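Enquirer: The structure follows.
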Amino acid sequence: MSKRDFYEVLGVSRDASERDIKKAYKRLAMKFHPDRNQGDESAADKFKEVKEAYEILTDPQKKAAYDQYGHAAFEQGGGGFGGGFGGGGADFGDIFGDVFGDIFGGGRRGGGHARPQRGADLRYNMELSLEEAVRGVSKEIEVPTLVHCDTCEGTGAKKGTSAETCGTCHGHGQVQMRQGFFAVQQTCPTCHGKGKIIKDPCNVCHGQGRKQKTKTLNVKIPAGVDTGDRIRLSGEGEAGERGAPAGDLYVQVHVREHHIFEREGNNLYCEVPVSFAMAALGGEVEVPTLDGRVNLKVPSETQTGRMFRMRGKGVKGVRGGAIGDLIVKLVVETPVNLSSRQKELLKEFEESCCGEAATKHKPKSEGFFNGVKKFFDDLTS
């Protein structure tokens, strides 16, 4: 099945800004998140598709390659983005780990078949409010996992006994099969590649060396994390086979949409409504910040959509550095539910701005309509 265009997946145009791409990603990631659509394979597939598109289109080099060559740029080993959890975001090991690739579902890495396998890595999806993500927070979580059996101490053998070396493969976990002139290595059919045989298995774990348990963990989320960041808890994954090391637990962060602020990098954005009179005459308006309310001075003759930067009122990144800014967009609010007297006053005001005064009081409108008139005059001349 051919892949959909990444821009189509996110519902953005090809000239969309990084901010628009991130905004689309956050909206779709929340919609198709596995925690909100448990058991829905279609939603899980869409979540992976959205994440893959986001990872490509927010990386300048990958985006340039995709724009030029499409999906072909990442075929034949060109990135491995199909795994769904590779790339993107930041990892923080041991609580701030290294960037990892397609770890989930793997967990069995390194060594020969006869050696006990390291435990599988686990993933936990954690949803945070913007305030929690910005300030940092400690969260208690419950994780169903496999732990070493206390009764047999992870060996799988009944207490007082031990596993014996497999007589078929002599502990190698593999046997050599001859086919004509060729010798082929195959997994030992007796011990199934483990190299050991448990003749008297543990009554509790039935020879597995592990048992199911729900662990309660306290996770410290560092200040400044954002959607896509991952936190590694070393050794908190599934227990390994027959006493082998445990895997890791990766906590994947998703920040909920905020009703006031929108985050882009370390900057915050918000819209603040102002009255028509304040926009024209100037004044002060109260602006919300993560630290409380502050007053913003509004110059006279402010047009709707004008941006104001409040330095140091944004987010301090998880890796340190300067604190971001709060970008405030002023939106001039049209008055509604007017009384008769108010309507009369507005009509008087509008009439006072017409005629020769229009150029002075409404330069943009006057310039626009003069341009429209000239356009049609040129068409008919």
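Cβ atoms here come from the backbone N, Cα and C positions, even for glycine.
Since the structure is predicted, the reported quantities are computational estimates derived from the model, not experimental observations.
The domain 'J' annotation in Swiss-Prot covers 5-70, and the record cites sequence analysis as its basis. Here Swiss-Prot flags 136-214 as zinc finger. According to Swiss-Prot, the Zn(2+) 1 binding site annotation covers Cys149, Cys152, Cys202, Cys205, on the basis of sequence analysis. The repeat 'CXXCXGXG motif' annotation in Swiss-Prot covers 149-156, 166-173, 188-195, 202-209. Annotation source Swiss-Prot lists Zn(2+) 2 binding site at Cys166, Cys169, Cys188, Cys191, citing sequence analysis.
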Enquirer: Taking Cα atoms as reference points, which of the binding-site residues Cys149, Cys202, Cys205 is nearest to Cys166 (Zn(2+) 2 binding site)?
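Expert: Nearest listed residue in space: Cys202.
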Enquirer: Do me a favour and check the Cα-Cα span between Cys191 (Zn(2+) 2 binding site) and Cys202 (Zn(2+) 1 binding site); whole Å is fine.
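Expert: So the Cα of Cys202 (Zn(2+) 1 binding site) lies 17 Å away from that of Cys191 (Zn(2+) 2 binding site).
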Enquirer: Using DSSP, how many residues of the repeat 'CXXCXGXG motif' (166-173) fall into helix, strand and coil, respectively?
Expert: 0 helix, 0 strand, 8 coil
Enquirer: Ten-angstrom check, please: count other Cβ atoms within 10 Å of the Cβ of Cys191 (Zn(2+) 2 binding site), all chains counted.
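Expert: I get 25 for this one.
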Enquirer: Are there residues at least 6 beyond the ends of the repeat 'CXXCXGXG motif' (202-209) whose Cβ is under 8 Å from a Cβ of it, and what are they?
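Expert: Residues 148-152, 154-159, 239, 241-243 contact the repeat 'CXXCXGXG motif' (202-209) from elsewhere in the chain.
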Enquirer: State the residues, same chain only, that lie 6 or more residues beyond the ends of the repeat 'CXXCXGXG motif' (149-156) and have a CB under 8 A from a CB inside it; answer 'none' if no residue qualifies.
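Expert: Same-chain contacts beyond the flanks: 162-163, 198, 201-205, 207-211, 239, 242-243.
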Enquirer: Is it possible to list how many residues within the zinc finger (136-214) are helical, extended or coil according to DSSP?
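Expert: Looking at the zinc finger (136-214) with DSSP, the answer is 0 helix, 35 strand, 44 coil.
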Enquirer: Using the recorded Zn(2+) 1 site (Cys149, Cys152, Cys202, Cys205) as reference, state which further residues of the same chain have their Cβ within 8 Å of the centre of those residues' Cβ atoms, listed in sequence order.
Expert: Asp150, Thr151, Glu153, Gly154, Thr155, Gly156, Ala157, Pro201, Asn203, Val204, His206, Gly207, Gln208, Gly209, Arg210, Lys211
Enquirer: What does the DSSP secondary structure composition of the domain 'J' (5-70) look like, as residue counts for helix, strand and coil?
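Expert: Across the domain 'J' (5-70), DSSP assigns the residues as follows: 51 helix, 0 strand, 15 coil.
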Enquirer: Cβ atoms within 10 Å, counted per site: which of Cys152, Cys166 has the most, among these binding-site residues?
Expert: Cys152
Enquirer: In whole Å, how far does the CA atom of Cys169 (Zn(2+) 2 binding site) lie from that of Cys149 (Zn(2+) 1 binding site)?
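Expert: The separation of the Cα atoms works out to 27 Å.
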Enquirer: In whole Å, how far does the CA atom of Cys202 (Zn(2+) 1 binding site) lie from that of Cys188 (Zn(2+) 2 binding site)?
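Expert: Counting only the Cα atoms, the answer is 23 Å.
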